[in-house]
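Swiss-Prot has this to say about the protein:
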- 10-20: motif ''HIGH' region' (MOTIF)
- Cys99, Cys101, Cys126, Asp128: Zn(2+) binding site (BINDING)
- 237-241: motif ''KMSKS' region' (MOTIF)
- Lys240: ATP binding site (BINDING)
Amino acid sequence: MKHIRTRFAPSPTGYLHIGGVRTALFSWLFARQNNGAFILRIEDTDVARSTQASVDAILEGLRWLQIDWNEGPYYQSQRMDRYREVIEQLVKSDDAYRCYCSKERLIELRNTQLKNKQKPRYDGFCRDKAPRQSNEPFVIRFRNPVEGAVVFDDLIRGTISIDNRELDDLIIARSDGGPTYNLTVVVDDWDMKITHVIRGDDHINNTPRQINILHALGAELPHYGHVPMILGPDGKRLSKRHGAVSVLQYRDEGYLPEALMNYLIRLGWAHGDQEIFSREEMVQLFDISAVSRSPAAFNPEKLLWLNQHYLKTVSPTIIAKAFATQLEKAGTDLRNGPSLEQVIALQAERTKTLKEMAQRSFYFYQEVRSYDEKAARKHLLATIVEPLQRVRERLASLPSWEKEAIHEVIVETAQLHQLKLGQLAQPIRVALTGDTVSPPIDATLYLIGRDSALKRLDHAIRFIHQGMG
């Protein structure tokens with residue numbers, strides 16, 4: 001069997017979005033499960049719009065998702081001489097020709113065709129004319145066959161046939177000599193010995209044109225697979241409002257790479273009713289021919305559900321660095337407090353993203369500067385001062401700071417003052433966190449630590465006294 005070689009070829013004119021990442025994932029999985037090579041190519045011939053920042057974001061996004069590549073990144077901007085060489089080869093073999101048609105003529109041609117309800121296309125005016133000796137500007141067009149059809153077996157859509165009469169003579173070199181997309185991608189796939197081109201279905205109209213150029217070059221054809229687009233929850237093309245944002249924005253919003261990878265593989269592909277896939281299972285089970293031909297709908301709630309699953313199941317040690325980044329972005333000082341791993345283990349059941357977890361965990365690391373007004377009004381009352389003082393004294397005298405002993409102090413104090421457990425736990429919670437929501441109060445006290453907990457109880461008691469005064 002031929003050595004499988006797939007590629008991902010993004011254009012660095014913007015961010016790496018969800019659709020592009022899913023295409024990269026499918027291509028990467030196909031290579032990995034066939035012990036093949038995954039090639040990364042940067043299509044940066046659009047000099048005006050390509051930026052180094054976009055290149056950096058693409059590489060960073062792929063690395064974050066651990067979509068690794070065997071070769072590259074190759075840059076089209078560094079291969080211009082090769083493209084010019086192939087263009088000259090096509091002209092010499094009479095598979096391409098100079099076109100001197102002016103912009104005005106082409107506009108007039110298009111308007112006439114539209115007026116006559118015809119499909120706009122180049123009419124071949126210069127196709128059989130001899131090259132001029134003047135210095136007039138010209139483009140170079142590929143001489144597309146006028147007979148027969150282009151037939152190929154799409155890995156996802158099955159057999160596709162396009163009549164060559166539907167295709168006009170596309171431009172392969174602009175008037176400044178610069179190669180066009182359909183030329184560069186053909187040369188790259190040929191030179192890099194790509195065996196399987198897996199890409200978005202927005203490229204499907206380019207495929208028959210590229211196949212004809214490959215035929216003219218005497219090149220072996222790769223297999224093609226066109227992945228349907230991703231729609232928003234409203235059934236329309238995915239917008240920024242519904243998730244069409246940079247993959248790095250998901251990282252910055254506190255999603256885990258495992259969750260996003262798992263979510264993307266299920267966008268348009270299924271393996272029975274299985275929802276959770278490890279990376280090993282993805283490589284083992286993914287089947288490109290089983291990808292749906294219909295567009296997939298992006299579901300933000302499903303992604304959140306998966307993210308929480310991985311927050312609960314991935315080792316806290318693996319998540320700790322990303323969690324620290326979220327805490328620091330929220331302005332939390334991490335010099336004091338419990339280990340990040342302890343907080344992650346405690347909060348994973350209660351939060352869906354690392355960003356949310358960080359927002360709800362600041363009180364483990366720094367003093368509470370203020371209380372939620374509604375929470376203080378309801379729970380920090382004069383009647384609770386004595387029970388709080390009792391809890392404070394008992395906690396201070398514990399021989400060791402253990403969660404079970406802390407729990408006993410709260411239960412016994414509640415019984416002594418004839419309070420329900422919640423009637424005592426909530427004021428303690430407000431004193432410790434400034435609000436009414438936290439993990440179990442004994443676990444919260446344990447992680448905050450004895451010294452800080454006693455300070456916060458003292459502060460709450462003073463706050464109540466000031467309100468009484």
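Any Cβ shown, glycine's included, is placed from N, Cα and C.
Note that the coordinates shown come from a computational prediction; the quantities given were computed from them, not determined experimentally.
Sequence features annotated in Swiss-Prot and their locations in the structure.
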residue	record	Cβ contacts under 8 Å, 6 or more apart
Cys99	Zn(2+) binding site	Tyr122, Phe125, Cys126, Phe138, Val139, Ile140, Arg141, Asp169, Ile171
Cys101	Zn(2+) binding site	Tyr122, Phe125, Cys126
Asp128	Zn(2+) binding site	none
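There are 19 other CB atoms within 10 A of the CB of Cys126 (Zn(2+) binding site), with all protein chains counted. DSSP states for the motif ''HIGH' region' (10-20), grouped as helix (H, G, I), strand (E, B) and coil, give 3 helix, 1 strand, 7 coil. Secondary structure from DSSP puts Cys101 (Zn(2+) binding site) in coil. Each of Tyr97, Arg98, Tyr100, Gly124, Phe125, Arg127, Lys129, Arg141 belongs to the same chain as Cys99, Cys101, Cys126, Asp128, is absent from that list, and has a C-beta within 8 angstroms of the C-beta centroid marking the Zn(2+) site. The DSSP secondary structure for Cys126 (Zn(2+) binding site) is coil.
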